[in-house]
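Peer 1: Reproduced below are the annotations present in TrEMBL:
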- 28-46: transmembrane segment (TRANSMEM)
- 58-79: transmembrane segment (TRANSMEM)
- 107-127: transmembrane segment (TRANSMEM)
- 158-177: transmembrane segment (TRANSMEM)
- 189-209: transmembrane segment (TRANSMEM)
- 247-266: transmembrane segment (TRANSMEM)
- 286-303: transmembrane segment (TRANSMEM)
- 310-329: transmembrane segment (TRANSMEM)
- 341-368: transmembrane segment (TRANSMEM)
- 380-398: transmembrane segment (TRANSMEM)
- 404-423: transmembrane segment (TRANSMEM)
Amino acid sequence: MALDEESPLVDQIQPEYQTFNHARDIHILSWAFLLIFLAYGAAQNLQSTINTDGDLGTISLGILYTSFTVSSLFASTVVRKLGSKNALLLGTTGYWLYIAANLKPSWYTMVPASLYLGFAAAILWVGEGTYLTSTARSQANDHKLHEGTVIGHFNGEFWGIFAGHQLVGNLLTLALLKDGAEGSTSGTTLLFTVFLGSMTLGTVLMAFLRKRDGEKTEGEGDSSLGFYNLLASLWNQIITPLCDKRLLLIVPLIAFSGLQQAFVWAEFTKYYVQPSLGESGVGGAMAVYGVFDAICSLAAGRFTSGLTSITLIVSGGAFLQGGILIWLLNYSEPTGVLRTLYPLLIAAIWGIGDGVLMTQLNALLAMLFKHNMEGTFAQLKLWQSASIAVVFFLSPYISLQSMLFLMLAALLLSLAGFLFLVLKVEKIFSNRDS
């Protein structure tokens, strides 16, 4: 049976009757995430260098993303019950607790904080995808705009501002964290205290978001779900979407988006940046990564209007990342000015690739799966977090070259699945979208 015969490409849009400018909520959402993740992103980059006792930092990240993966199985149900705004507020508590645990890092603080953050992160990110898509759809309906264009612009703004967390957070790290064998404790305490302040501001800002009128914040049906109803809800949100061949073809690309992020955090900084630039240079390289990620996200969002533009942008980003992976397979330690330039250049190109993947994946899912936003974005975070956990757990046991071959194979597989999807549905999608 043909792929386009099995499931409709574009679901019917439910009418909205609000008349205000919904872009205001995207501005608030974007800046709130920047304030929260400038702290978490920088803390995550530091785990392998500041919490080294028994590989506490790396193992805690593996636990975190394993919890994230498992929690993604029921995150959509929680978001449906709470509503996306309340889910966003609940999700921020896990990040706050994780940063607080880093003030007194030990197995007794970091492991519980990582487990809870995995749950909270799943709730937060499913809530984010649901809230942003609902807001974009309301904006398009109220102002008679092209829905695909609004979704692309809103995703571009969100991911562009969000990507700035790598720049701001790592500049704070450079300014406050001191180099030295034993002299960084006070700097670390000050840094994480500042991070807690930033997260608190982000949470307060998020409280000013408007609730989406189209959401059923008190749940669907009976407010006291029984065990049978809970299982049915999980089945509908997690298993049913995987029966859609469109999503199955996108899953490899989703997984690769997680792999490439984890590779930058766990492998690139360790094997390419630190040997050339030192520990203090990791923050600088990640700041460059964040700048180009932000610029690319904003630009890609502006150019996104439908499946054709998404195809061109994703293909270009895949070509860049494939080229970098081949370069890294043949990489030799440079000398002179190139010793500084090469890691920064690779970080910049990798930031472009990440900006492409994050904006286009979210826009693509929002366009194709309007009927089940919570379940779809739960799938996005499920496969992303699972692939990130795989990198953190595999990293100590396989060679760098093996990891690079794994990344290259994943990229080729994901691009093939994506292009197959495009060949099957682009014509119908373009006709319905026009």
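Keep in mind that glycine also has a Cβ here, set from the backbone N, Cα and C atoms.
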Peer 1: At a C-beta cut-off of under 8 Å, are there same-chain residues at least 6 beyond the transmembrane segment (286-303) that contact it? List them, or none.
Peer 2: 42, 45, 152-157, 159-171, 174, 264, 269, 309, 313, 344, 347-352, 354-356, 358-360, 363
Peer 1: Let me spell it out: take the transmembrane segment (310-329), skip the flanking residues so only those 6+ beyond its ends count, and list any with a Cβ under 8 Å from a Cβ in it.
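Peer 2: Here the qualifying positions are 253, 260, 272, 300, 303-304, 346, 349-350, 352-353, 355-357, 359-360, 363-364, 401, 404-405, 407-408, 411-412, 414-415, 418-419, 422, 426.
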Peer 1: If you count Cβ pairs under 8 Å, which stretch among 107-127, 158-177, 189-209, 341-368 touches the transmembrane segment (380-398) the most?
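Peer 2: Going through each listed stretch, the top one turns out to be 107-127.
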Peer 1: Mind checking which residues reach the transmembrane segment (158-177)? Cβ under 8 Å, same chain, six or more beyond either end.
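Peer 2: Hits for the transmembrane segment (158-177): 26, 29-31, 33-34, 37-42, 45-46, 128, 132, 184, 187-188, 190-191, 194-195, 280, 282-284, 286-287, 289-291, 293-298, 301, 351, 354-355, 358-359, 362.
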Peer 1: Restricting to CB pairs under 8 Å, which listed stretch, 58-79, 189-209, 341-368, 404-423, is in contact most with the transmembrane segment (107-127)?
Peer 2: 58-79
Peer 1: In the same chain, which residue numbers or ranges, 6 or more beyond the ends of the transmembrane segment (58-79), come under 8 angstroms Cβ to Cβ?
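Peer 2: Residues packing against the transmembrane segment (58-79) from afar: 44, 47-48, 51, 87, 98, 110-111, 113-119, 121-123, 125-127, 130, 230, 233-234, 237-238, 262, 266, 374-375, 377-379, 381-382, 385-386, 388-389, 392-393, 395-396.
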